């Protein structure tokens with residue numbers, strides 16, 4: 001429609017300015033077609049290159065003995081890279097390329113678009129379902145979101161807000177700019193920093209049964225470091241005492257109430273939305289209705305956008321129109337969890353009970369984890 005309007009305007013006002021703009025548009029369109037063509041041949045090699053770089057990094061960081069490795073594993077690595085593996089890295093790169101392709105013409109024709117600081121942020125939690133939520137939200141025409149995790153408020157804060165703004169995609173009036181970095185929720189300095197940027201920022205936390213979340217977290221780490229100690233040995237300060245090691249990040253992240261107390265020092269509860277990671281799988285349309293309402297958006301993303309994949313155990317995305325194949329999240333999603341000693345699982349459940357109950361009281365929502 002916009003292209004037709006340009007042709008119509010050429011007949012009405014045959015100015016050199018309009019002709020020049022049409023000429024530039026044609027050149028830009030040709031460049032995009034050429035870039036997409038080149039990417040088709042290049043894409044097949046990218047995963048292997050990424051895998052090689054990951055392997056080299058892991059080999060360089062091997063630990064000399066089991067005792068020192070165990071100590072390092074217990075640290076709260078909130079600055080750890082949250083990308084699952086080369087599969088998810090490639091998935092994000094491909095998603096960003098698709099977003100650029102989809103928005104290229106609208107950006108060119110709509111000169112009012114600009115880069116804005118995010119008005120809403122998915123702040124956590126790791127292995128809770130933040131990647132799925134972000135991809136679901138990117139279906140909405142009124143949302144512009146960066147796919148990769150910026151880690152601005154925890155790792156790159158010294159680079160300044162303008163650096164952060166430049167990472168954001170362009171958006172027009174009425175569109176919402178978003179990002180997600182799961183480590184924000186557990187990083188002490190982040191609430192004050194986001195408040196300094198904008199006290200009106202809307203915050204979304206995706207939470208999941210903390211025991212299941214901890215096992216999923218461990219499974220991701222073990223996929224990168226097969227020699228990591230057992231889940232059981234990392235869970236306790238020492239096996240004989242039976243005391244839970246709360247300095248291990250996989251355990252500490254699930255103490256949701258403790259982290260929420262820091263956020264409530266800066267933001268009112270109504271400015272935070274808590275999304276159930278379990279319901280995001282079992283009822284994605286229902287949770288998305290809550291998210292869209294919270295963000296003040298039309299309910300565009302509905303049940304017609306989802307197709308449950310029983311093999312992977314979570315929903316895939318589909319376009320309501322047409323017969324295209326549903327688009328599932330990366331291969332790294334839905335890993336098989338290792339078998340954990342049932343006694344260890346029960347001890348973890350007992351450990352989390354008081355934290356869960358306090359979290360239910362603070363949020364006014366019972367997530368049913370006990």
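Backbone N, Cα and C atoms are what each Cβ position is placed from, and that goes for glycine too.
Going by TrEMBL, these are the annotated features:
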{"type": "ACT_SITE", "residues": "127", "note": "active site, for sulfotransferase activity"}
{"type": "BINDING", "residues": "127, 128, 129, 130, 131, 208, 216, 333, 334, 335, 336, 337", "note": "3'-phosphoadenylyl sulfate binding site"}
{"type": "DISULFID", "residues": "316-328", "note": "disulfide bond"}
{"type": "DOMAIN", "residues": "118-359", "note": "domain 'Sulfotransferase'"}
{"type": "TRANSMEM", "residues": "22-43", "note": "transmembrane segment"}
Exercise. Counting only other Cβ atoms and using a 10 Å cut-off, which of the binding-site residues 216, 336 scores lowest?
Worked result: 336
Problem set entry | Spatially closest candidate among 216, 316, 328, 336, the listed recorded positions, to residue 127 (active site, for sulfotransferase activity) (Cα to Cα) | 216
For this session: Pop the Cα-Cα gap between residue 131 (3'-phosphoadenylyl sulfate binding site) and residue 328 (disulfide bond) into the table, whole Å please.
Result: 12
Problem set entry | residue 316 (disulfide bond) and residue 129 (3'-phosphoadenylyl sulfate binding site), distance between Cα atoms, whole Å | 13
Exercise. Near residue 129 (3'-phosphoadenylyl sulfate binding site), how many other Cβ atoms are within 10 Å of its Cβ?
Worked result: 26
Seminar exercise, completed: One of the binding-site residues 131, 216, 336 has its Cα closest to the Cα of residue 316 (disulfide bond), namely 131
